[in-house]
Amino acid sequence: MLWFIFGSGLLLAIAYGVAALICFALIVTIPFGVASLRLAVYSLWPFGRTVVSRPGAGVGSGVANVLWVVLAGWWLALAHLTTGVAQCLTIIGIPFGIANFKLVPVAFWPLGREIVELD
C-alpha cells in the first residue's frame, strides 16, 4: 500500500497509461503504446517480478527501441534513477528506491522484453 502512495506506483501507472492511450490514438505508435501499458502494469507492483529479454523479438523491436530512447527512454530512465536515489536517502524509502531502479532498464529499452513472476 505504501508503494501506491509514497513510492508513486499509482502515479506512474496513470502516467504510463495516459501515454499508452496517446500512442494507441496515433495508430503508428501502437507498439510504443503496448510498451507503455506494460510499464504501467509493472509500475503498479514491481515487487516479486522481473524483466527478461524476450527471445526472437526481432530487428524491428531493436529499431523501435532506438526511436524510443531518442524520444522518451532517456528521460524516463533518468526520472526513475533520480527518484530512486531520492527515495534511498531514507531507510523507509530504500525498498521504493530499489523498485524504481528495477524500472530503469525497461523504461530505457522496453520493446523485446517481458515481465515475469519470480519463483
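Counting begins at 1 with the first residue displayed.
Quick reminder: no glycine exception, Cβ is built from N, Cα and C everywhere.
If you look up TrEMBL, you'll see 2-49 (among others) marked as domain 'Inner membrane component'.
According to TrEMBL, the feature transmembrane segment maps to 12-45 (among others).
For 57-78 (among others), the entry in TrEMBL reads transmembrane segment. Among residues of the same chain six or more beyond the transmembrane segment (57-78), those with a C-beta under 8 A of the stretch's C-beta atoms are 19, 31-32, 35, 104-105, 107-113.
Summarising the annotation, TrEMBL assigns domain 'Inner membrane component' to 63-113 (among others). Break the domain 'Inner membrane component' (63-113) down by DSSP state and the numbers are 40 helix, 1 strand, 10 coil.
Annotated transmembrane segment per TrEMBL: 84-104 (among others), in sequence order. Tertiary neighbourhood of the transmembrane segment (84-104): same-chain residues 2-3, 6-9, 12, 39, 42-43, 46-47, 50-51, 77, selected by CB-CB distance under 8 Å and a gap of 6+ residues from either end.
Long-range neighbours of the transmembrane segment (12-45) within the same chain, counting only residues 6 or more positions beyond its ends whose Cβ lies under 8 Å from a Cβ of the stretch, are 3-4, 51, 61, 64, 68, 72, 103, 106-107, 110-111, 113-115. In the domain 'Inner membrane component' (2-49), helix, strand and coil residues by DSSP number 36 helix, 1 strand, 11 coil.
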